[in-house]
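Listed in Swiss-Prot for this protein:
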BINDING   LYS12, PHE60, ARG88, THR94, ARG105, ASN115  ATP binding site
CROSSLNK  LYS100  ubiquitin cross-link
ACT_SITE  HIS118  active site, pros-phosphohistidine intermediate
MOD_RES   SER120  phosphoserine
MOD_RES   SER122  phosphoserine
MOD_RES   LYS124  N6-acetyllysine
MOD_RES   SER125  phosphoserine
Amino acid sequence: MANSERTFIAIKPDGVQRGLVGEIIKRFEQKGFRLVGLKFLQASEDLLKEHYTDLKDRPFFTGLVKYMHSGPVVAMVWEGLNVVKTGRVMLGETNPADSKPGTIRGDFCIQVGRNIIHGSDSVKSAEKEISLWFQPEELVEYKSCAQNWIYE
């Protein structure tokens, strides 16, 4: 399949606490993407600081790390045609107030500081984030029986 790629998606502590894990996974599955990695964990502050290293000079960095460390997260790797770009569209804007209805943030969020989900913003950042959160042996290679019904 041409342009098949992987993206990193993380359901943040507020999404876990609000019971939205199943709904979010359902949306990605129904779209036709394939789940190839999944972890439920309490992320360490060191992991979070590395993950958000590009934001380290921003005034909200310390609060972001504290928030992400405040509860469990669901870390996932999804695979499919243009999954990075399409995944970002499915998430909605970082600020939920700017997100359209039908997007995850548009349907379930109100405030930017509690926007329930993270998604890689480029193929390059997806590769970095996946390697940070997952070991290669934790990612599963398989062909979905639905693949021929999703892709030409």
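Using the three backbone atoms N, Cα and C, a Cβ is placed for every residue, glycine included.
Recorded features from Swiss-Prot, shown on the structure.
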residue	record	CB count, 10 Å
LYS12	ATP binding site	23
PHE60	ATP binding site	12
ARG88	ATP binding site	18
THR94	ATP binding site	15
LYS100	ubiquitin cross-link	11
ARG105	ATP binding site	22
ASN115	ATP binding site	22
SER120	phosphoserine	24
SER122	phosphoserine	12
SER125	phosphoserine	15
*Cα-Cα distance linking LYS124 (N6-acetyllysine) and LYS12 (ATP binding site), given in Å to the nearest integer*: 21
_Using only C-alpha positions, which one of HIS118, SER120, SER122, LYS124, SER125 is spatially nearest ARG105 (ATP binding site)? These are the recorded positions in the record._
HIS118
*Please work out which residue of HIS118, LYS124 has the most C-beta neighbours within 10 angstroms of its C-beta, and give that one of the recorded positions.*
HIS118
_Quick check: of the recorded positions listed here (LYS100, HIS118, SER120, LYS124), which one has the Cα closest to that of THR94 (ATP binding site)?_
HIS118
*Cα-Cα distance linking PHE60 (ATP binding site) and SER120 (phosphoserine), given in Å to the nearest integer*: 19
*PHE60 (ATP binding site) to HIS118 (active site, pros-phosphohistidine intermediate): how many Å between their Cα atoms?*
16
_Residue from ARG88, LYS100, ASN115 whose C-alpha is spatially nearest that of SER122 (phosphoserine), among the recorded positions_ = ARG88
*Can you tell me how far the Cα of ARG88 (ATP binding site) sits from the Cα of LYS100 (ubiquitin cross-link), in Å?*
12
*Expressed to the nearest Å, what is the distance separating the residue listed as 'N6-acetyllysine' and ASN115 (ATP binding site) at their Cα atoms?*
23
*Listed ATP-binding residues LYS12, PHE60, ARG88, THR94, ARG105, ASN115 - what's their greatest C-alpha to C-alpha distance in Å?*
22
_I'm trying to understand the geometry here, so how far is the Cα atom of SER125 (phosphoserine) from the Cα atom of ASN115 (ATP binding site), in Å to the nearest whole number?_
19
*Going by DSSP, give the three-state secondary structure for HIS118 (active site, pros-phosphohistidine intermediate).*
strand
